[in-house]
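Engineer: I am attaching a structure below and will ask some questions about it afterwards.
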Amino acid sequence: MLNWVAMIQDSRLRLKGWQQAAVALGSAVGALLDPRRADLIAALGETTGKPAFDRVLERMKKSPEGREILLERPRVISTKVGHAWDLPDNTFGAAYARFMGSRNFSPDDRPPVRFMETEELAYVAMRAREVHDFWHTLFGLPTNLIGETALKVIEFEQMLLPMCLMSVLGGTARFSDKQRSLFYQHYFPWALKAGARSTDLMCVYYEKHFHKDLEDVRRKWGIIPAPPPPRPNATIVVPL
């Protein structure tokens, strides 16, 4: 706990209102020009997301599992989640490990929180950032442009972060005509339903469920996995 507090205090910057607006605008423009800039996307989320993170924090305080997360403040870093690589193949933890390993991702790659006003909000923002790959695993979404944009729809429904909405608009603007048609006919309706059907995903202590069967936790949390891409000329059906 002390190490976490020291880390966020060292990395946090306190900005005046006009400075926050300038960072938000600059981050938005930069992220649109180069969507691979995770640091700019993170800065955009923080400078525009305080009301949303406030609401998430209040929901977590009202949830037994959410309160446990706030008390223990777990981190999704390699030293804390490395045991997932040793779990049986059917488990949520093993599925997460496969997702990360197949893409050569590291849980240590997330940028630090810099623009939240309090330690509690800084932790909530970091938690939202660090569980992103858990959500990819649970919903079965790829990390291509369509998959990331679909997940941003779910994240917006779950947290109402303006950055998520802006990411959806920015993502769809970069689609080809074929991608845009596939997204709006196939993935967008599913993502709206999946985000609304799921439990409050910010109140889930994922690390304590690593050992459980993946399909069991999906059912428990109301997760609707992403449908496979449609075959040519197939009729698109959204799960009810």
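Cβ atoms here come from the backbone N, Cα and C positions, even for glycine.
Just so you know, TrEMBL annotations are computer predictions that nobody has curated.
What TrEMBL lists as Zn(2+) binding site is His132, Asp133, His136, Glu148.
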Engineer: Return the residues near Asp133 (Zn(2+) binding site), defined as same-chain residues 6+ apart in sequence whose C-beta is under 8 angstroms from its C-beta, sorted by sequence, else 'none'.
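Structural biologist: Result: Val76, Tyr96, Phe99, Met100, Phe105, Pro107.
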Engineer: Quick check: with His132, Asp133, His136, Glu148 left out, which same-chain residues have Cβ atoms within 8 Å of the centroid of the Zn(2+) site Cβ atoms?
Structural biologist: Trp135, Leu141, Thr143, Leu151
Engineer: For the binding-site residues His132, His136, which Cβ has the most other Cβ atoms within 10 Å, all shown protein chains included?
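Structural biologist: Top count of Cβ atoms within 10 Å goes to His136.
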Engineer: Can you tell me how many other Cβ atoms are located within 10 Å of the Cβ belonging to Glu148 (Zn(2+) binding site)?
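Structural biologist: I get 17 for this one.
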